[in-house]
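Asks: Sharing the feature lines straight out of Swiss-Prot:
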type: ACT_SITE; residues: 24; note: active site, proton acceptor
type: ACT_SITE; residues: 99; note: active site, proton donor
type: BINDING; residues: 73, 79, 86, 100, 101, 110; note: substrate binding site
type: SITE; residues: 19; note: site 'Transition state stabilizer'
């Protein structure tokens, strides 16, 4: 496999399937990641995954990766984490931002993202399918001639 994509999931996403299923859906994060790994394998792309409720662990994973692309759902860190934004900018790896819910249709404090202005694209409101869209876009971008 010639390409690698890092999938980063932020706080509370380990509770998918149990936490507010009317907002976030019934699939678990393990189910979503398994489907994405299969999608990546079919495209001959390696998908590395990290989920953490600890900001520093996400930052360390971003610093350590040798991936050519990142897909990130920063979750609640979307609205608060300059440090996570700086980690992404520091490694200069292109990234897509994903959110399960439509953050713009929710509480006002969720409307601001520290990542959107630097992301290749933002996908929100499509539930777990948003990850599939982001992965397809990342794979397509990686396979484009330089």
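A Cβ is built for glycine as well, from the same backbone N, Cα and C atoms used for every other residue.
Mind mapping these onto the model and telling me what they sit next to?
Replies: Taken residue by residue with DSSP, residue 99 (active site, proton donor) is part of a strand. If you take the C-beta of residue 99 (active site, proton donor) and look for same-chain residues 6 or more apart in sequence within under 8 angstroms, you find 73, 78, 122, 123, 124, 125, 130.
Of all Cβ atoms in the shown protein chains, 12 besides its own fall within 10 Å of the Cβ of residue 19 (site 'Transition state stabilizer').
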Asks: What kind of secondary structure is residue 19 (site 'Transition state stabilizer') part of, going by DSSP in three states?
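Replies: SS state of residue 19 (site 'Transition state stabilizer') = coil.
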Asks: Can you give me the Cα-Cα distance between residue 101 (substrate binding site) and residue 19 (site 'Transition state stabilizer') in Å, rounded to a whole number?
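Replies: Counting only the Cα atoms, the answer is 13 Å.
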Asks: Based on Cα distances to residue 19 (site 'Transition state stabilizer'), point out the closest of the binding-site residues 79, 86, 100.
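Replies: Sorting the binding-site residues by distance from residue 19 (site 'Transition state stabilizer'), the top entry is 100.
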